[in-house]
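Per Swiss-Prot, the feature active site, proton donor/acceptor maps to TYR144. Residues annotated as active site, schiff-base intermediate with substrate in Swiss-Prot, with sequence analysis given as evidence: LYS172. Per Swiss-Prot, pyruvate binding site is recorded for THR55, VAL214, and the stated evidence type is sequence analysis. Per Swiss-Prot, site 'Part of a proton relay during catalysis' is recorded for THR54, TYR117, and the stated evidence type is sequence analysis.
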Amino acid sequence: MTQAATLSPTPFGRVVTAMVTPFDASGAVDLSVAANLARHLVEQGSDGLLVCGTTGESPTLSWDEQLQLLQAVRDAVGSDAKVLAGTGSNSTAEAVEATKEAAAAGADGALVVVPYYNKPPQEGLEAHFRAIAEAAPELPLMLYNIPGRTGCSIAPATVARLMDCPNVVSFKAASGTTEEVTALRLACGPQLAIYSGDDGLTLPMLAVGAVGVVSVGSHVAGPEIRAMIEAYLNGDGASALALHDALIPLFKALFATTNPIPVKAALELNGWSVGAPRPPLCSLSDDMKRSLSNAMAALRQT
């Protein structure tokens, strides 16, 4: 195991679930289901909960809906888990305001995505994140790099320059490569807590310095994901690898099409009335739902 996995801070624990946003039959946010789901996820091993991220369908939620959801989840779990709010935007002014509101609402941290669509250069990205950090200096920030959705990527050297902001404490690596984790660790040192942003890469990323995962799969496989991470940290590589191998078919099914379409279907299969995604996303096809159900059943048998 890498020293970074044990020496780096874990400001939000090891397993952070990127929560879905439940909708009722009318398409409105269902705060009651969200609260119940939040408590369930903590019982299943989540140290932290992220509301209104990619999985939470933030692009189709109003800021008022996002704030209500944050408050409902915060009230539901109390001090039993860290609660992060997705406050990113491709408008710096909007991201600053959302982050300040999240801090005032009692969030334990904010996930701030690289600005999407307008593709700022590195100096623009640095100024963007610095403005957010300075606007809410007491709120720990997790920078979020997901170039497949945003169209641009923040460089490790840019992140390193931002480390003089005391509240830039963590990074969600969702570029799909372990190389990003290595580059960040070398550029920023062990004080930056790097989280895998890809369920299937959690174990490989732990091996090169990540401290945990911001997970989608933990909605339905929280205990197994937690056990994999703990086995690795305890030096039991064989058990960690066996759990990784057992989880991969589920992860493939959960990302067979655009997230969060499959995970909402998985929750419905487990009896959670979270509703379909808001348009322009859609429900999971019957064929994919059968494959997903089979993958969930196979994991239960391991």
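Placed from the backbone N, Cα and C atoms, the Cβ positions cover glycine too.
Positions of Swiss-Prot features highlighted on the structure.
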| residue | record | DSSP class |
| --- | --- | --- |
| THR54 | site 'Part of a proton relay during catalysis' | coil |
| TYR117 | site 'Part of a proton relay during catalysis' | coil |
| TYR144 | active site, proton donor/acceptor | strand |
| LYS172 | active site, schiff-base intermediate with substrate | strand |
| VAL214 | pyruvate binding site | strand |
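Taking the Cβ of LYS172 (active site, schiff-base intermediate with substrate) as reference, residues of its chain lying under 8 Å away and at least six apart in sequence are, in sequence order, LEU111, MET142, LEU143, TYR144, ASN145, ILE146, TYR195, SER196, GLY197, VAL214.
With respect to their backbone Cα atoms, TYR117 (site 'Part of a proton relay during catalysis') and THR54 (site 'Part of a proton relay during catalysis') stand 15 Å from each other.
Cβ-based neighbour count (10 Å, all protein chains) for the residue listed as 'active site, proton donor/acceptor' stands at 26.
The C-beta environment of THR55 (pyruvate binding site), restricted to residues of the same chain at least 6 apart in sequence and closer than 8 Å, consists of ALA18, MET19, VAL20, VAL216, ASN259, PRO260, VAL263.
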